[in-house]
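According to TrEMBL, the features are:
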ACT_SITE  Cys363  active site, proton donor
BINDING   Gly250, Glu292, Pro293, Gly294, Arg295, Tyr392  pyridoxal 5'-phosphate binding site
BINDING   Arg295, Arg332, Tyr336, Glu364, Tyr392  substrate binding site
DOMAIN    43-299  domain 'Orn/DAP/Arg decarboxylase 2 N-terminal'
MOD_RES   Lys70  N6-(pyridoxal phosphate)lysine
Amino acid sequence: MLNAAHIWPISAEVRSGRLYLGGCDTVALADAYGTPLYLLDEATVRGAMRAYQTAFGSTGLQVRIHYASKALLNLALAQIVAQEGLGLDVVSGTELLVARRAGLPMAHVHMHGNAKSDAEMERALTWGVGSLVVDNLDELARLAQLSAGRSQPQGVLLRLAPEIEAATHAHIATGGSGSKFGLPLAALPAAVQQLLATPSLRLDGLHAHIGSQLFALDELCATLEVLVQAAAQVQRDYKLTMRELSPGGGLGVPYTATQPLPDLTEYAARLAQTLRSACAAHGLPLPRLTLEPGRSIVARAGVALYRVVARKVQHGQVQYLHIDGGMADNLRPALYGANYSALLANQASAPPGPPVAVAGRYCEAGDVLLRDAALPPAVPGDLLAVATTGAYTLSMASNYNLTPRPALLLLGNGSAQLIQRREREEDLLARDHVLG
Ligand code: LLP
């Protein structure tokens, strides 16, 4: 019924020409909650979390899956992470606050970031996160000061820059030699020496993350090999065993019909094989493996609904559909040239007409959400559903043109739960002070 079902949530279906998700009529939801509206299919999110646990569980290794919360975070999702037994990666004090309020065990939280503030590190230390992932030597020096005198040493991982250029958009490739992230490999001895001289810190392991929306398993395996080599160097030179290696997240997801779904079982098997053979070659015991998927946990579960507001017609052809959202709720097409797929939720079985561009409502020529959408001829009032919008949309949303950010509903078993309300005008004005 649904074209390219693999890019839509697993519960997606068409009933009487309407898109249903989690057993809910999306047209009715748009009428009830307004648009733009973000939907998250609970079965797809939980399914993705379980698929990671199962795939890596079957490797026989000690593995921890940490959801990378920058992809999408709110209290309800953090609760789901806790219920499913995953850990969480955070990159800010406020993401850490959400983890705490959701009741996630702090031992299963890692704090990342290349420019953590003292206040963020204090919070991580006080609340007892499992690991702080140290990005650079300046941060390490500050962390040493902040942690001084603690009775229990704080666990840390060192983030290394593995000098691997991932095949993805330049903005989201993070492992190359020119990247802003991580310690150059040559700085590893200095970092280890600094750590050995700091009794309030304990070096647990090494981390690298080479980028996002990756499909080449070779690059991800090569990253893990670099980490094992570095662990062998630390073992040899400092007699210190790295108990944990974290080759980051980054697995890609299909956004369009022609992109395939990556095979999680193959990903897990390839990483496990790489770890086993590299550790054997260096005579190292097997460390715990930590994975940090973000996009591949939430992207597919998300669908964004927009109302078609108007059309631009030129030479008798519809050139643009104007919708009531765009780059403020989904910056990805403007920032990375990202492609999406869409359908009309109220005419989900109608055949497509000529390709049309879908323009956002924001005052920028670059605010075009879809360039060549294969949609049935649409008129104002129709409802556009954009697939695969669970990751890096709401978490990167802005209030450009002073528009409130959309609501988010969690869908399952025929019911919808509001897990993040729509922003109100008063929320937007709340920080302003009138002239004295
Ligand atoms: N671990 C670290 C250290 C990361 O920096 C990231 C993502 C992840 C894990 C999760 O990567 P994922 O599995 O989601 O690919 N805004 C961009 C993506 C930025 C990714 C940032 N780091 C986008 O919309 O494509």
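A Cβ is built for glycine as well, from the same backbone N, Cα and C atoms used for every other residue.
Here the features listed in TrEMBL are painted onto the structure.
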{"residue": "Lys70", "record": "N6-(pyridoxal phosphate)lysine", "contacts (Cβ under 8 Å, 6+ apart)": "Asp89, Val91, Glu95, Gly294, Tyr392, Ser395"}
{"residue": "Gly250", "record": "pyridoxal 5'-phosphate binding site", "contacts (Cβ under 8 Å, 6+ apart)": "Ala166, His209, Ile210, Gly211, Ser212, Gln213, Leu214, Leu220, Pro293, Arg295"}
{"residue": "Glu292", "record": "pyridoxal 5'-phosphate binding site", "contacts (Cβ under 8 Å, 6+ apart)": "His66, Tyr67, Ala68, Asp89, His110, His209, Ser246, Gly248, Gly249"}
{"residue": "Arg332", "record": "substrate binding site", "contacts (Cβ under 8 Å, 6+ apart)": "Ala338, Tyr340, Tyr392, Thr393, Met396"}
{"residue": "Tyr336", "record": "substrate binding site", "contacts (Cβ under 8 Å, 6+ apart)": "His169, His171, Ile172"}
{"residue": "Cys363", "record": "active site, proton donor", "contacts (Cβ under 8 Å, 6+ apart)": "Asn401"}
{"residue": "Glu364", "record": "substrate binding site", "contacts (Cβ under 8 Å, 6+ apart)": "Met327, Ala334"}
In sequence order, those recorded positions of Arg295, Cys363, Glu364 whose CB lies under 6 Å from ligand 1: Arg295
Integer mean pLDDT for the domain 'Orn/DAP/Arg decarboxylase 2 N-terminal' (43-299): 96
Per DSSP, three-state class assigned to Arg295 (pyridoxal 5'-phosphate binding site): helix
Cβ neighbour count (within 10 Å, all chains shown) around Pro293 (pyridoxal 5'-phosphate binding site): 25
Remaining residues near the recorded pyridoxal 5'-phosphate site, that is with C-beta within 8 Å of the centroid of the site residues Gly250, Glu292, Pro293, Gly294, Arg295, Tyr392: Ala68, Lys70, Ala71, Ser212, Gly249, Leu251, Ser296, Ile297, Ala391
Tyr392 (pyridoxal 5'-phosphate binding site): tally of other CB atoms within 10 A of its CB: 25
Number of Cβ atoms other than its own within 10 Å, given for Gly294 (pyridoxal 5'-phosphate binding site): 25
